[in-house]
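Chemist: Annotation comment: TrEMBL describes CYS109-CYS121, CYS116-CYS134, CYS128-CYS143 as disulfide bond. The domain 'Chitin-binding type-2' annotation in TrEMBL covers 27-93. Residues annotated as signal peptide in TrEMBL: 1-20.
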Amino acid sequence: MWPRRRLVLITLIVSANTLAEKGKSGEVPCIDDNKFYRNPNAPSHSIWSPTECAKYFLCLDNEVFEFKCSQGLLFDVSRQICDFKINVDNCDVTSDAQPAKPLLKNGQCEEESLACGDGTCLPALYFCDGSVDCHDGSDEGWCDMRSNINAAPICDTQKCQLPNCWCSEDGTRIPGNLTALTIPQMITITFEDAVNADNFELYTKIFTDDRKNPNGCPIKGTFYISHQYTNYRDVQYLWNTGHEIAAHSVTHRGPEEWWSKNATIEDWFDEMVGIANIIKKYAAVRIGDIKGVRAPFLQVGWNRQFLMMLEFGFVYDSSIVAPFSDPPFWPYTLDYRLPHPCVHAGQFCPTRSYPDIWELPLNQLLANGYMCSTVDSCPSNLSGEEIYKMLMLNFKRHYLTNRAPFGLHFHASWFRNPLYFFAFNKFVDDLLQLDDVFFVTSHQVVEWMRKPTPTSEIEKLAPWQCAKRHFEPYETACDLPNNCKLPSKVLKSYRYLHTCFECPKQYPWLRNEFGIE
């Protein structure tokens, strides 16, 4: 049980974030299958009404929690999302149909094998690995923590030791047996999607040379890059100036739930390894520097995503939204079970063990009574003063408790409101007056986790220092990139690619990262 569990749902439809109300329900029975469902006792005359069809429920630890889609949206029980009325045709369906259940140890299979629902024996490791192997699909149909025979174990602090493993019973413990007052408060500023002329100037205004951490190093951010419309010369410049470049997919395709429900292991490879290859080819970023992943729309890809990460060698993911918690959650490795429930709409968190992979969860923000996983998903009607107060309030929830890393996650369009830009700048400048607050990259957080270091000894933590890095001539961003107008057989149109390197024959895409004709 998670003693600090506070459930909240952020439903994603198209590209807008819509908040759902949360509350306990005493009249709805518990259907404990780790999925959202409708009230099976709803009056038959009302099940197709917009009010009733917008409601849905989740049962955790025998407690039933009620949610409601935003106005104008209905709940699709099959796809587990809120959508427009025209797209929802199952208001009369209580819950998503369950697949066949595996027999597992039926006495007929060899010691290291398990039985599918039809009795077919397969290696035990095939069950809940993200790829359907049983003819009836039973090896992938019962994979929640209680049903998955290969589920990650509960945290064992005696076995899980730094630098390569970290867990704690409730996820809020400070690493290294240090106390809050002796450690730095880490803040990460992250951006998602394309880097181009629409936002590059904004980034240069936020990350100025005069904004320095207490150790004298300039503040840095993390950019999760998606391919379309990205100017790779600008990405190269950001990398040259010390920012972190991470993977966010090639296509950033929709619908949103495709990433969590439909994307195969091969799809995750094509998307994340694909964008890493494109960034290396057209921005010269060293492949070893691309260490992190964020799933599009924060739609975590269950075990399939993390198996891809393990096989390719990604170091961390930062896609899982943690429930609101005070104190907040620290990052953890995926050797053991998540220290919190997976409650964000559409998220299918990993259930198996993935040693050495770090998770940097998104601790939700509190904004005028709403919970939001990214700053730009918070209510958009706040004034500049309210934005400043919101940022400071959430900062203090970290700084004055366990000092878990404080993540500020954005899409650049949020800054188009000049009042928000002013409020954010004031917030950053005010915090830089403190001698124990550091604005660092996501991977620098991982490096600190691996070697917890008191603020007084931070000069001994090499990854946080700012010695000038040597770049080969071809690795240094040019002044005037090539503006390549390229055909795309897949997109059936022309696309522009901005790069300091030679133009390819085709627009780079899935399974053709180098644009070979």
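Note that Cβ sites are derived from N, Cα and C of the backbone, with glycine treated the same way.
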Chemist: Report, in whole Å, the straight Cα-to-Cα distance of CYS128 (disulfide bond) from CYS116 (disulfide bond).
Modeler: 12
Chemist: At a 10 Å cut-off from the C-beta of CYS116 (disulfide bond), count the other C-beta atoms across all protein chains.
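Modeler: Taking all protein chains shown, CYS116 (disulfide bond) has 24 Cβ neighbours within 10 Å.
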Chemist: How many whole Å apart are the CA atoms of CYS128 (disulfide bond) and CYS134 (disulfide bond)?
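Modeler: Approximately 11 Å lies between the Cα of CYS128 (disulfide bond) and that of CYS134 (disulfide bond).
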Chemist: Determine, using Cα-Cα distances only, which of these disulfide-bonded residues is closest to CYS134 (disulfide bond): CYS109, CYS121, CYS143.
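Modeler: So, spelling it out, the nearest of the disulfide-bonded residues is CYS121.
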Chemist: Over the domain 'Chitin-binding type-2' (27-93), what is the model's average pLDDT?
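Modeler: PLDDT averaged over the stretch: 85.
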Chemist: Taking the disulfide-bonded residues one at a time (CYS121, CYS128), which has its Cβ surrounded by the most other Cβ atoms within 10 Å?
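Modeler: Comparing the disulfide-bonded residues CYS121, CYS128, the most crowded Cβ belongs to CYS128.
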Chemist: Counting other Cβ atoms within 10 Å of each residue's Cβ, which of the disulfide-bonded residues CYS109, CYS134, CYS143 comes out lowest?
Modeler: CYS109
Chemist: Counting by DSSP secondary structure, give me helix, strand and coil numbers for the domain 'Chitin-binding type-2' (27-93).
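Modeler: Helix/strand/coil tally for the domain 'Chitin-binding type-2' (27-93): 10 helix, 21 strand, 36 coil.
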